[in-house]
């Protein structure tokens, strides 16, 4: 369908034929936009519209019941005097900084293992991907809570080795490791992308390196890493953005409160509580926009710095 | 090719416009205010609670529909925390259910913001109610809520656990010092197997009762705080020596056990809370019997106790079926058969008609007897708390928990709570 009009366009010569073709192209475009229409309508009504109104609300005091009152930048300035807000930033940044690299390292390690030729590789790939299919769901968060609870399997397993930490869920200094383990365990999606990337690396490179006597470490840093760098970049970007948005598991494991002692008060959870428990929608909107801006800036920084370490094939090196 | 493309265009345009047209078609008008047996009106009713309450409510609804064939009731329920988040979004969209179970903490938030129907404008019989109770559903001369039932604060204890530790049951009167000693004794004698209780200073209503015992109002008439930082410091200092000992269960355990309570999980021997939690605690703990004692007080003549509406019935200001909503509320609060269905699981029925028509046995009788036994100490029910009170109550609990975790000291906790409270009051002024 997409090929044939292009081909026929090249071969046209006579004016009437051209007219006919351009009419046809107009019809094509109409059909295209008509098919896009349901999505476009949804995008405008459900995404762009609410975003614009939340931008407006972020400059107001809005409690859901009464019309919003314009207060200028007040929401944004009070944010930085709000201790719980600062705490939520700390919690989230800690999670992003530690969780994301660990998750990507796990994903890359498993992808490399699964890239070798071995019997039953298809089975292993599915098995390692499975946690990600169910990972974001409510049920896993509940299972996680039970596993890391008092006398849960993790507690019992560790006490077998003489480590008595008690339940992790109620211990403010253990909740963050628990959430990081949860995200690391859900490495499936970046792993699949890494695997696809690894398959793109020509085997000759490794063979040539072997001939020159390079060991596995050397091969990894001199072949795999640079060849895979666009994929690593992509995964790093996506996972960082995702990590900033963690909500469902935090909501469930802490019963929607961000406890114990505020140790799981993730940014989006606090945003939600502000909006829907305290009825401060203007404040919550300001938080949402601040998050959008910060994630945008981080993305920009990633792109800027990527030039120094991401190599695209065809780049002059 | 061209034909096929034209065909596709037509289909696409057709499909898209069909969707738009369908969307236009749903706004059909509803028929008038009242229904008939052949053509009943349907009202929506929503409540919070567990499966047990859902079962009882369904029975009550079935009975109501049987007696009122011209009204159908469409019931729906969630847990307490999710309940208020849902109501907030519904109110913002103008779609609150016709009739709702309500909590005193949120009456001002919605009543003062014109979301609730003034029930004095419809026909609900309140003759059988204590005159001192009704004001708690009223704000500035308008009646937004009718209490279904009352509850009072009490100390729960498990007599079997006390007996096994060789500790005498409380005699029904104790000071805070005696109560603390009692909690400590449980922790000591059980060697940490059972804690005395949870940190009662983390419970807003217990603090409120303590203020009343000291003749201090929690909130002033104009919606400001009626107590000082020093009052709150004194309160949180009451259990300062108990935190981290066997007298009080650690916050780690409380968090692990949530949403179940430590008392319901047989981790503590006592709990200080509302007396209508009896049925829930019995079910959770599997204990054969649980008993109630009055709250501690340093002034034996002033226990600071009061009957609070454990829940209220309210209607949406925007309901199209005022008459049907009023009849349903009247039925739920006054009908003796409804009392038989709920017993004390909503609290002790507030309407005398309903209370007298209900037979209370076993633990239900304990609850009713408890409320009778404290009758002479009861003072007027508090006014509906200030706007945003639900948030204040939650932050009180959270900051007291930070205190127990050692994240904040008493001065820091007091400053943190006052900052949030003052910010909230300013916000809603």
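Heads up, the Cβ atoms here are built off N, Cα and C, so glycines get one too.
Residue ranges A:69-87, A:126-144, A:145-163 are listed, and TrEMBL annotates A:126-144 among them as transmembrane segment.
Residues A:93-114 are the range that TrEMBL records as transmembrane segment, among A:93-114, A:203-224. For the transmembrane segment (A:93-114), the list of distant contacts is 121, 124-125, 128, 176, 179-180, 183-184, 186-188, 190-192, 194-195, 198, 224, 228, 232, 235-236, 239-240, 243-244, 246, 266: same-chain residues at least six beyond its ends, Cβ to Cβ under 8 Å.
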